[in-house]
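Asker: Here you go, one structure.
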Amino acid sequence: MPISNPKRYTVTAALIYANGPIHIGHLAGCYVPADIYVRYLRSSGKEVAFISGTDEHGVPITIRAKKEGLTPQQVVDKYYEQIDASFKALGVSFDVYSRTSKPVHHETSREIFRDLYDKKVFVEETTEQYYDETAQQFLADRYIVGTCPVCANPNAYGDQCERCGSTLSPLELKDPRSTLSGSKPVLKATKNWYLPLDKMQPDIEAYVNGHSEWKTNVFGQCQSWLKDGLKPRAMTRDLDWGIKVPVEDTDGKVLYVWFEAPIGYISATKDWLIQKNGSEEGWQKWWQPGKDAAEGETKLVHFIGKDNIVFHCIIFPAMLMAEGNYILADNVPANEFMNLEGDKISTSRNWAVWLHEYLEELPDKQDVLRYVLTANAPETKDSEFTWKDFQTRNNSELVGIYGNFINRAVVLTQKFCDGKVPQRGELQEIDQAALADLAAFPGKIAESMENYRFREALSLIMDLARTGNKYLADTQPWHAIKTDPGRVNTILNIALQISATLSIVSEPVLPFTAAKIQDQLSISGKNWQDAGDADLLAVGQPVLEGKLLFEKIEDSVIEKQVQKLHDAKRLNELEGKTVAPVKAEIQFDDFAKMDIRIATILEAENVPKSKKLLKLLIDIGSEQRTVLSGISEHFKAEEVIGKKVLYLANLAPRKMMGMESHGMILMAEDRDGSLAFMQPGKDVWNGGTVN
Ligand SMILES: [Zn+2]
């Protein structure tokens, strides 16, 4: 059963691997919704700890280190700094952004492991694991790739297939190969400690089934795991990067990253208190409030992407249940994935919008990104980010509706009311209706926020801005000023009260904008309880002119971003290209059979209905010949006329598109697939032979 009225909230956002920068998929999946929720809770006067950090162990770190020619420590230091800075710049308001390489995390993880070990929770098992004889080490799941038994993806990892999402064990892969050496791994015996999830299934089932209020995608994924039957999972690994196993004679073994990473939420809470107070004292109320009944209930909420559901809904709760003293997640509002311009976001293919680059290239547009990622959040199914949609939402929604309303209320107050909040006079029906709407919106928005429906909350926030716009359009203060200035006072008082509430209820999504509005309206320290109040702004309070909240984004800005995406992907593909291996050996006679000579292109035209072919007339010295050449995707007909070329003269004629082609023009293919003519270094005569 969900906790209905907690005393405080422990809200966590996924610990991301410190092996690369943050992209919009991470933000939409987890960090922006988490920040909205936390900002809403704080505004509602709730006690919250907002916890996150980087996961600095695990194989992805070691793989990245190898790729960049750095040590794992250098990799995590580099990316921790970058990730931390870009979250701060986007206004993600963590109370602590910690790291799993900190001593407090190593200690906490080892303590919990040792506790479970002493309670004999683990099952000790010697199994055969894949071992790379060339690299002389056991292969962690991510070091093995092979064919997925479910979808036949040839590049599935030992723990998961990224194409179909199946969770795998290395032994299930067909044709396994080591990513370290490329060789076929062998099986070798090793001892590890397993969490017996199979035996724990009834308890886990009771826990999950007690939360039928979870999002359908989350609850459904848990059910499918449970239905398949849980299997024991190793909580230690044969690897040299990570937290040493706190048991004797375990050299070369570390704690499984998915054992210790979620413990990172607990150790980050301690780290927060250490940074704040110099001691971890008081951490228990966030994780073990039951120890002291007077402390009241704590609600634990994990924000994650859908690829982490099993770890947060099954494995981590199972660990904590076995330990016995911890609260379990009350909710895990995982999002689905956000795609980008018609394709899956992919770090390896460099198909992503990177946060640190966005912040640099589109400065002061943090709220635009937060807005677009929320309006289009993959809450119930995958969604898609396009730059065109980004532009439209900015120009027609943020500029056209939200910014327009606030700007009109402020500017008209400057113009007609001396830049001070005017006094309301007698209310007409239309005024009463506007005030009734104003009073009702915050409650509706809060309900959406409480239920993790941030898209819906944002859509209600925009409805409130629309209500304000419509009110101004219907009451027309710019006309009323000529006949009835008292009426204008009433209208602008109401418009300003709506603006003030709008700033409060939109603060979780648009914190930078809300702060600007509150500066303009000279309010501070107001929070959710004040929202909807018809007298939130006192009469006579100054209303200051400000810069426009949002500005239009031009086509050129968007085109540049789209081009950049494609360029980055292409560059990435080129980097992955390798030179073709040399073909099988031939004899001189084989070569001598080829009659290669110099020719000049005299005429060229497109072949109707063919995408690739140009019809060329060439002079080969002794005669003129017609050649059909597959180069029209690379060259226009008029570009090639007059070119001297290398020509294979004695190739048997071929029929194409109903025409006969004689011989072949020789071209060089560049790394990116583009073509170049092979031309002699001096003006050799037509028919000159190539030997
Ligand atoms: Zn698969």
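Each residue, glycine too, has its Cβ placed from N, Cα and C.
Since the structure is predicted, the reported quantities are computational estimates derived from the model, not experimental observations.
For reference, TrEMBL lists these features for the protein:
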- C148, C151, C161, C164: Zn(2+) binding site (BINDING)
- T347: ATP binding site (BINDING)
- 590-691: domain 'TRNA-binding' (DOMAIN)
- 344-348: motif ''KMSKS' region' (MOTIF)
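Help me picture these features in the structure, burial and contacts included.
Answerer: With a cut-off of 8 Å between CB atoms and residues at least 6 apart in sequence, the same chain places P154, A156, C161, R163, C164, S166, L168, L173 near C148 (Zn(2+) binding site), listed in sequence order.
Residues within less than 8 Å, Cβ to Cβ, of T347 (ATP binding site) and separated from it by at least 6 positions along the same chain comprise G20, H23.
In the predicted structure, the motif ''KMSKS' region' (344-348) carries a mean pLDDT of 87.
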Asker: By a Cβ-Cβ criterion of under 8 Å, what residues six or more beyond either terminus of the motif ''KMSKS' region' (344-348) are in contact with it?
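Answerer: Sequence-distant neighbours of the motif ''KMSKS' region' (344-348): 20, 23-25, 337-338.
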Asker: Among all the protein chains here, how many other CB atoms are within 10 A of the CB of C151 (Zn(2+) binding site)?
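Answerer: A count of 12.
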Asker: Could you tell me which three-state DSSP class T347 (ATP binding site) falls into?
Answerer: coil
Asker: Could you give the number of helix, strand and coil residues in the domain 'TRNA-binding' (590-691) as assigned by DSSP?
Answerer: 7 helix, 44 strand, 51 coil
Asker: To which of the binding-site residues C161, C164 does the lowest count of other Cβ atoms within 10 Å belong?
Answerer: C164
Asker: Would you list the other residues of this chain near Zn(2+) - those whose C-beta lies within 8 angstroms of the C-beta centroid of C148, C151, C161, C164 - in sequence order?
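Answerer: Checked against the 8 Å cutoff, the neighbours are P149, V150, A152, N153, A156, E162, R163, G165, S166.
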